[in-house]
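Peer 1: Here's a structure for you.
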């Protein structure tokens, strides 16, 4: 099993949904960075369960503890261990379905691959695993902000059939995103989303959605062609998030329907540098950042755990009706916002450190 990500800024996560705790070990964080638990907690609070009526009823404070790697509030350059205790475990919710592979979950594939699996919750496949990446991403964001002034902001673009419009990626802030519990900054659309999700929660069903993310102030030159292009690493990071099913950058699939004369980003002189008049490339050309905002979208499927009865089969082939008792989000996208931001930060910092490492060779 692969639980590590990154080359120079390397993170290794651990823990399952109903074990004693989850966390991450960070290798490669630069020394001398001012870092407190409060710096990390802000992002964890944005992803924790039980925030509002649109999320799971599981109650977790998700209080982070820095176990190593800092002294007197500064990083030492040694491994940083970040840990969060699980406090509201209910493994008993899964006792009567332990022999039933839940539809669209990892139960079947984990059992077939490893011959054993965590019988309660999703184990390593649970979204609890993302606590580690969000914590490590919060550290990465602080480095990126200090070194380059990089800002990473994600928001909910759509929920089920409901689509937001008129959101300016160049100016949107996290404060604007967090004003709505749906994390859609389009106030009118946000109200429609919240109503739709609430109705689904009452029915015991779920829906999916799309998260858009913008990375601003990225320097030119990040990315390692050919096989570690910046968009390729971003895609890998985003598709590693539980429930993610699609990734597109810049014009994405819609760009395939344009002409070259429509799609090409023409170069112009602006802000005392060479830039582009449009951004259909999404801030990346040839697998390397070009200095324009990096804009991408991630699609998330409907939450697999629903309360409605579903006909499925046991591992021995017996047909049974399953009705899940576990707590779940009727739609994951609002809580996916800090996860998407954090995974993007992990990619950006690792690529930035790799680029910086070659600068002073001669």
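Including glycine, each Cβ sits where the backbone N, Cα and C put it.
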Peer 1: Could you look at 273, 327 and say which one Swiss-Prot places alongside 124, 125, 126, 286, 301, 302, 303, 304, 305 in the FMN site?
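Peer 2: That FMN site, as Swiss-Prot gives it, pairs 124, 125, 126, 286, 301, 302, 303, 304, 305 with 327.
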Peer 1: Measuring CB to CB from residue 303 (FMN binding site), give everything in the same chain under 8 Å that is also at least six residues away in sequence.
Peer 2: 206, 207, 208, 243, 328, 329, 330, 331, 332
Peer 1: Could you list the residues of the same chain, at least six apart in sequence, whose Cβ is under 8 A from the Cβ of residue 126 (FMN binding site)?
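Peer 2: When sequence neighbours closer than 6 are ignored, residue 126 (FMN binding site) has 16, 17, 242 within Cβ distance under 8 Å.
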Peer 1: Taking only the Cα atoms, work out how far residue 305 (FMN binding site) lies from residue 47 (NADP(+) binding site), in Å, as a whole number.
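Peer 2: Per the Cα atoms, residue 305 (FMN binding site) and residue 47 (NADP(+) binding site) stand 18 Å apart.
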Peer 1: State which of the following binding-site residues has the fewest other Cβ atoms within 10 Å around its Cβ: 47, 301.
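Peer 2: Taking 47, 301 as the binding-site residues, the minimal 10 Å Cβ count falls on 301.
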